[in-house]
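Asks: First, the structure itself, so that you have it in front of you.
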Amino acid sequence: MAPQCTGPANTNDILMIEKGCELPQLAIKNDDKGSDTILVTWNGEGDPSDPLNFPLHRKWTITVLISFGGLVCLMSSTMLAPALVDIAHDLDISQASANMTLSIFVLAFAFGPMVLAPMAEVFGRRNVWLASSLWYAAFNMLSGFSHNNGLLLASRLLAGLGSSVEFATSQPVLGDCWRADQRGQWFAIATFIPLLGPAIGPIVGGLITNSIGWRWIFWVLSIFDTLLIIFAYFLFPETYGQVLLARKAAKLTRQTGNRHVTEYTTHSQPLRLKLKNGFLRPGFLLLTQPVVQLVGLFMAFNYGTLFFVLSSYATLWTANYNESVATSGLHYLAFVVGYTLAAQGGARLTDRLWQHFKAKADGQTAPEYRVPPMLPGTLLIPAGLLWYGWAAQAHAHWPLVDAGAAVFGCGIILSTQAMQQYIMESYKEYVASAAAASQFLRSIFGFCFPLFAPALYTRLGYGLGNTTIATVFMVLGIPAPFVLWFYGAQLRAKGRAVKTLRIMSQKLSAQIESLDVDMVKDLRMGDRPSNFAFAVAFGIVFQYFSIAPMVGEYGPKTLWRSAKADFLSLMFFEIGLFGWMAIFQIAVFKWRLEMDTVTYWWMMQVSLILQPYLHIGMFFGHWTGIPINWWLIKAGIKEPCA
C-alpha cells in the first residue's frame, strides 16, 4: 500500500498521486446499489493542484512556451514566401505549384484542430501538444530534403497538421491557468507573440534563402521547435482540470478499492466512446451554435484578409518600388509595430472593461464583457486597408504606406483578441472544441484569399483592390460586435451547447437507445434556420471571391451570379445528401427511423458534420451534386465559372 502523506489542507493532490501517496476521501454518496461512490474534487478554491492556483512564475512559463509554439506555427506559414522563386527553379515546377507549398500548410490548419482539440480534451493538453510538436518537427525537417514537388507538398501538409496543435491548445491552456480578471494581459502576450510570425517570417526567410539556401528554412525551424519541445517536456505540466481530476479519481480507485468519480462524465466513459464524442463535438458546435457560426465567420474573414495582405505585401515593394527581396521583407516590421501597440493597449483596455462591467453588474460576469475592444478593431482594419492601398496606388513615400499597414495590424490584434476571449468565456468546458470549430473557417479563408490576391491587384490596382476588400469587410464585420453585445446572450441560450453535450454524453455512456423528444428537437439540424442562413452566407462569399477574379468583375452582376451558383449548388447537394441518406437507412436498418431515437440523430451527424475523414452522406451529396451541376452548366442555367 502506498504511504500515507501528511500535509496542510491544501496540499497539492496531483503531486501526491505522482509520488504514490494516499489521499483523503473528499465527499461520499451512495449509488443505487448501496456501495460508496466517492466524489473527487479540488480541495477548496485555493487548492494548488488546480492550474488556476499555479504560482505566477509557473503560469508565466507555460504562457511563454505556448506562445513560442504559436510563433513557430505561423512563421512556418509565411517564412517560405521569399524562397518560392528559388523553389520553383530548383524543383523545376511552375510558380503556381510553388505557391501551393505555401498555401497547403495553412489549409492543414482547418482540419488538424478538428482532431487534435478533442484529443486534447481526452488525453490532456500536454501530451497532445508534445506529440503533435514532434510530428511537426519531423515532417518539417523532411520538407528540407524534398527533391520533387509531390514530396514537398505532402510533407508540408503533414507538418501543418502537427503545427495546428497550437490552435487546438493555446486558448484552452490559457483558460486553464488564468482567471477571467487576469486573462486580458496574458492573452495579449499569447496572441501577440504568435502573430509576429507572419510578419517576421518573410524577413528571416529572405535572409536564410540569400545566405545558406531555402532548405535551411525548414531545418532552422525544426531545430528551434525541437529545443522548444525539450523545454516543454520539463516545464509544461498538464493544465486541463478534467484530466487532472480523472487521473486523481483513477488513482484513488486503485488504492482504496472504492469507486471514485468526478463531476464530469467524459472521463468515466470507455476510450472509444470518449473519442467518438470528442471528434463529433467541434462539428456539432460549428453546425448548431449561432455564436460559433457568427464568431467563426467573422474571424475567418479577418484571418483571410490578413493572409491576403501578407501574401501580397512583399510584391508591392519589389514590383512597384523596385526594391530587393531582402529589403521588401523589412517592411513587414510595420505590422509588428501595429501588433505591439494593439497588444499593449488592448490588454489593459480588456481587463479594465471586464472589471468595470463586472462591478456594474454586482460581481456577475458575461462573455459580452469581452466584446467592446472588437469595435475599434473592426474599424481599424478597413481604415488600414484603404490607407495603405491608396498610398501605394499614389506611389507615396514608404513610411506613409507602412503606417497604413501598421493601422491594419493594430485592428487585426484587437479584433482577434476580443473574439478568441469571447469564445473562451462562452464555452469554458469545451473551449478546445469551440476554438477548433472557429479555426476551421479561419483556415479555409486563410488558404483561399491569397490565391486571388494577384489577380485582384492586377485588374484593379492596390487602391480599388483594397477598397473592395475593405467594403466587404465593413459590411460583414462591423455589425458583428453589435450583434454579440445586444443579442449574444440570446444566441448562446438558443444553442445550449454545453448542456446538450453533457446530456448526450450521459445518455451514450449509459447505452440508452432513446432520447427525450424535446432534447432531440433541440439537436435536430432542420429546426435551426440559422444553420441554413449561415451556410448560404458563407457559400455566397466563397463563390464571390472564387468567381470575381476569374471574370474580372467585382460588381452586383458577379454578386448575383455568386448567389445563384450557391443556391443551385446547395439545393442539389442537399437533395443528394438526404436522398442517399434515406436509401442508406432503408438498406441498413430496414425501417423508417423515428426522429426521437439516438440512431436517427447519429445518422444525421454522420451525414452532416464536417470532419477530416469521409462521411457517407457528405460523399453521396457530392456524388449527386457534381453531375447535376455539370448538367446545369451544359443547359446554360449556370455559367461555367460558377
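One is the number of the first residue shown, and numbering goes on along the chain from there.
Just so you know, glycine gets a Cβ as well, placed from its N, Cα and C.
Given the structure is predicted, the values throughout are model-derived calculations rather than measurements.
According to TrEMBL, the protein carries these features:
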DOMAIN    62-492  domain 'Major facilitator superfamily (MFS) profile'
TRANSMEM  62-84  transmembrane segment
TRANSMEM  96-116  transmembrane segment
TRANSMEM  128-147  transmembrane segment
TRANSMEM  186-204  transmembrane segment
TRANSMEM  284-310  transmembrane segment
TRANSMEM  330-350  transmembrane segment
TRANSMEM  396-419  transmembrane segment
TRANSMEM  440-457  transmembrane segment
TRANSMEM  469-489  transmembrane segment
TRANSMEM  529-547  transmembrane segment
TRANSMEM  567-588  transmembrane segment
TRANSMEM  600-623  transmembrane segment
Asks: When each of 62-84, 186-204, 284-310, 440-457, 469-489 is checked against the transmembrane segment (96-116) for Cβ pairs under 8 Å, which one has the most?
Replies: 440-457
Asks: Against which stretches of its own chain does the transmembrane segment (186-204) lie, if we need a Cβ under 8 Å and a gap of at least six residues from its ends?
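Replies: Cβ under 8 Å, 6 or more out: 59, 63-64, 66-68, 70-79, 81-82, 166, 170, 174, 178, 306-307, 310, 314, 329-330, 332-333, 335-336, 339-340, 343-344, 346-347, 350, 409, 412-413, 416-417, 420-421.
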Asks: Could you tell me the mean pLDDT the prediction assigns to the domain 'Major facilitator superfamily (MFS) profile' (62-492)?
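Replies: On average, pLDDT over the domain 'Major facilitator superfamily (MFS) profile' (62-492) sits at 84.
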Asks: Among the recorded stretches 62-84, 284-310, 396-419, which has the greatest number of Cβ pairs closer than 8 Å to the transmembrane segment (469-489)?
Replies: 284-310
Asks: For the transmembrane segment (396-419), find every same-chain residue at least 6 residues outside the stretch whose CB is under 8 Å from a CB in it, and list them.
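Replies: Answer is 184, 187-188, 191-192, 195, 199, 295, 298-299, 302, 306, 309, 313, 316-317, 321, 331, 333-339, 341-343, 346-347, 350, 370-374, 376-381, 383-389, 438, 477, 481.
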